[in-house]
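Novice: Annotation comment: TrEMBL describes 20-44, 64-86, 98-117, 235-256 as transmembrane segment. Taken from TrEMBL, the feature disulfide bond covers 155-188, 156-172.
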């Protein structure tokens, strides 16, 4: 009898649960594969795959890690859930449930700790941004990430433009031969709506000017403060996204556990039916 329509004395595997879980996970599996592919392609373009020791050489944060880690987790979860549901494999389904439950628990713990230790988190955010300001020119992906953040939140540095003094290309020391000396990246500049072409030199020498003069050309607020303000302004949306993710995870765990229960209920009935058929066949012969 087909596995899709097994029905033994009231025990059956729900096709609805099975294929909803399958569809739910095949999307994650494909997205995970795409993220992994993008991450590996980015590393190949930067020559990281041909020299794996360079992974640890970057002083700041490599954004490619986000694609590798998130893609890897999604790929593993998607594979376990997809194949586990399709083949009615309780081992893969249990792995899927436990792994997803662990991620949910870690997210919940991180959220509670972030709320309790807000000041510590803020200090770590300052340290993280300053560390990446220092490594701004070391990696093109990191550079693009910082430029995006400064443009999106209309900010410059962790606390202000002077944070760029920590970068060897932008610091104001006499020993710095760079043309960018005492400047800031172009992403700190206030954009002129009339300009179609980005002026990448707009931040040159700007930190040699007085504070009031700077305000005409660059953003003077730090990214930490601007991010906090953005978070407060969009708290409902951000909370909604996290609640939505949590509900999806709970939904996935419930589906997997429901399917495992169905499979366990069907197995004794399958065995009993096969035994009965064997006995009947033996008697007729």
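We count from 1, first residue shown onward.
Cβ atoms here come from the backbone N, Cα and C positions, even for glycine.
Note: TrEMBL annotation is automatic and uncurated.
Walk me through the surroundings of each of these features.
Specialist: Sequence-remote contacts of a segment are chain residues at least 6 beyond its ends whose Cβ falls under 8 Å from one of its Cβ atoms, and for the transmembrane segment (20-44) they are 50, 64-68, 70-82, 85-86, 96, 141, 251-252, 255-256, 259.
Same-chain residues lying 6+ beyond the ends of the transmembrane segment (98-117) with a Cβ under 8 Å from its Cβ atoms: 73, 76-77, 80, 242, 245-246, 249-250, 252-253, 256.
Same-chain residues at least 6 positions away in sequence with a Cβ under 8 Å from that of residue 155 (disulfide bond) are, in sequence order, 149, 188, 219, 221, 222, 223, 225, 226, 227.
In the shown protein chains, 29 other C-beta atoms lie within 10 A of the C-beta of residue 156 (disulfide bond).
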Novice: Just to confirm: which same-chain residues, 6+ apart in sequence, have a Cβ under 8 Å from the Cβ of residue 172 (disulfide bond)?
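Specialist: Looking at Cβ-Cβ distances below 8 Å from residue 172 (disulfide bond), excluding near sequence neighbours, one finds 165, 181, 182, 207, 208.
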Novice: How many neighbouring Cβ atoms, not counting its own, are there within 10 Å of the Cβ of residue 188 (disulfide bond)?
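Specialist: Result for residue 188 (disulfide bond): 28 neighbouring Cβ atoms inside 10 Å.
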